[in-house]
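Student: Attaching a single structure in structure tokens format; questions to follow.
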Amino acid sequence: MSSTTSADVSEGPDRILRPRPRKPVHTQLSHISNLSEPNGALDPNTNGHATATTSGRSTPVPPDAPQSVKALSSARKQVRAEHRRRLFPTIEFASRVSHFDPNSDYRDFHGFFNLFWIGLAIMAVTTMLRNVKDTGYPMRVQIWSLFTVKLWHLAIADFLMVASTAVALPLQKLFRDAPAGSSLTWAKGGTAIMSIYQVLWLALWIAVPFLFGWTWTAQVFLILHTMVMLMKMHSYAFYNGHLSEAEKRLRDLDDPSTASRAPAYLYPTPENPMGTVATSPRSANGSAQQHQLLEKDDHHESSEESDELAQLREVLARELTSPIGNITYPSNLTWWNYLDFLCCPTLCYEIEYPRTEKIDWQNLLSKIAATFGCIFLLTIISEEFILPALTDASLRLNDTVAPPSPSEILLILSETISWLLFPFMLTFLLVFLVIFEYVLGAFAEITHFADRHFYSDWWNSTDWMEFSREWNVPVYSFLRRHVYSASRPYIGKGNATVITFLISAVGHEIVMGCITKKLRGYGFVCQMMQLPLVVLQRTRWVRGRETFNNVCFWCSMILGLSLICSLYVLV
């Protein structure tokens with residue numbers, strides 16, 4: 001009884017026991033009762049007890065309290081008043097835009113990426129269930145069986161193909177050691193020797209799958225890997241060849257009387273993508289500290305000629321030093337450096353690359369698993385949706401009993417293209433993910449390669465020129481550095497652009513010819529047609545309409561893939 005009394009009552013200053021003030025269950029009802037019943041138990045009083053707004057949970061502030069105490073008490077009351085709920089819920093309205101509005105700053109759509117994978121998983125499960133119902137097996141074996149045909153032949157040939165690119169390293173040492181003016185220097189005979197070797201090397205490894213009768217799956221792997229190794233070997237050879245000539249010029253400046261005073265050529269870099277001729281090294285340097293060092297070095301050389309030589313030496317020395325500054329040519333001419341370059345996910349050789357401190361094993365394992373998952377889905381899409389449509393169309397076009405008329409041929413092609421639109425769209429997206437996100441990302445993790453910029457937001461492209469820059473950054477960087485920048489000083493900007501597109505189109509046509517064993521030129525023509533389309537999209541009637549141009553880009557992309565495949569296989 002005493003415990004109950006002590007818990008429920010309190011003793012006032014007049015020694016009278018009164019019920020202890022309690023906070024009502026609902027704060028809204030408490031507020032209403034306090035306002036409607038001024039004589040209730042929660043009335044404010046001047047004795048320091050509970051007030052109507054505190055329900056006995058705060059201490060009243062005396063009138064003579066310091067201003068800091070009054071300010072804190074007032075702040076507490078304001079906060080409690082802001083959190084007090086009204087009887088009828090209110091909604092805060094403001095000027096806002098939706099997430100998909102063009103003016104929205106919201107850019108995180110990771111949930112749709114997860115939904116994309118969930119949709120593909122649903123497609124794979126339903127396909128396997130249908131196969132179990134029709135054949136008793138979850139998977140068809142038409143394409144899966146091709147992966148194991150002559151697998152050892154493919155492994156040995158691929159190893160020899162990669163190993164044969166290593167000829168570039170001893171050749172570079174040979175060109176570097178050749179005396180100035182010799183026919184074996186890079187500027188004279190080295191460029192021709194390396195170019196001839198690359199042409200013969202490419203012809204050999206293109207012919208290998210045809211000589212051994214490989215399946216198209218093995219040819220796809222070898223021809224794509226061959227193209228990658230060709231670009232790597234070319235970049236390694238031509239960049240180191242340029243450095244060998246720069247080193248010879250730097251050594252020649254030790255005897256200024258016979259050395260050439262011509263401006264130094266700076267090789268294309270991300271900061272200098274066009275490759276310029278350095279005429280004012282000090283202005284290109286831009287470093288106050290190095291400028292002071294130059295002033296100290298030139299203190300004893302007052303003539304203009306001496307100053308020009310010092311500037312030229314500086315430019316050449318910087319050209320021979322890596323961008324990070326840890327390695328200088330020719331210290332990079334080692335087998336380990338070459339092997340490292342082959343494994344790094346880039347096609348443009350540099351003496352040194354930025355690196356990460358350690359391997360993120362969770363990220364690496366997830367990318368490896370995603371790679372095999374993408375290959376699994378690509379195989380399902382090919383077997384279930386692409387191959388049946390092409391097989392059916394081929395049978396109808398090659399019907400010897402009732403040959404189709406020209407109008408029927410056109411109808412069959414149109415129907416086949418329409419059936420392939422959605423499967424090829426999925427194939428295109430999966431190929432993009434497996435190459436640029438997972439395979440390149442995995443090699444970047446293994447080699448500690450820090451620059452993971454393998455693509456940009458190509459899905460927002462408004463013309464094909466923008467797509468070529470953002471869809472495949474490694475290849476774009478290679479073509480810009482070794483084709484466009486190398487040819488522009490001689491043939492101009494417009495012709496250099498045409499030459500770049502021409503070489504890219506020839507490479508794509510070689511790949512399609514090796515896969516289909518047909519040399520038709522459809523891919524070459526379609527890619528070269530991108531140039532007039534770019535000119536059209538940049539006219540004042542079309543330029544600036546981003547949504548319209550992006551829709552046109554996607555429609556031409558999806559339709560082009562289905563059209564090219566149908567033409568190569570059926571015609």
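Cβ atoms here come from the backbone N, Cα and C positions, even for glycine.
Whatever TrEMBL says is automated annotation, not expert-curated.
As annotated by TrEMBL, compositional bias 'Polar residues' applies to 27-37, 44-58, 277-292. Taken from TrEMBL, the feature compositional bias 'Basic and acidic residues' covers 293-303. Residues annotated as region 'Disordered' in TrEMBL: 1-68, 250-308. According to TrEMBL, the feature transmembrane segment maps to 112-131, 151-171, 192-212, 364-382, 417-440, 548-570.
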Student: Could you name the stretch, out of 112-131, 151-171, 192-212, 364-382, 548-570, with the greatest number of CB pairs under 8 A to the transmembrane segment (417-440)?
Tutor: 364-382
Student: Give residue numbers and ranges for long-range contacts of the transmembrane segment (548-570): same chain, 6 or more residues beyond its ends, CB-CB under 8 A.
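Tutor: Those are 386, 390, 393-394, 397, 412-413, 416-418, 420-421, 424-425, 427-428, 460-464, 467, 512, 516, 518, 520, 522-523, 526, 533, 537, 542, in sequence order.
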Student: Please give the sequence-distant neighbours of the transmembrane segment (364-382): residues at least 6 beyond its ends with Cβ less than 8 Å from one of its Cβ atoms.
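Tutor: Sequence-distant neighbours of the transmembrane segment (364-382): 120, 123-124, 127, 139, 143-144, 423, 426-427, 430-431, 433-434, 437-439, 441-442, 445-446.
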Student: Within the same chain, where does the transmembrane segment (151-171) have neighbours whose Cβ lies under 8 angstroms from its own Cβ atoms, ignoring anything closer than 6 residues to its ends? I mean 6 or more beyond.
Tutor: 190, 193-194, 197, 201, 205, 208, 212, 214, 218, 221-222, 225-226, 229, 232-233, 236-237, 240, 333, 335, 338, 342
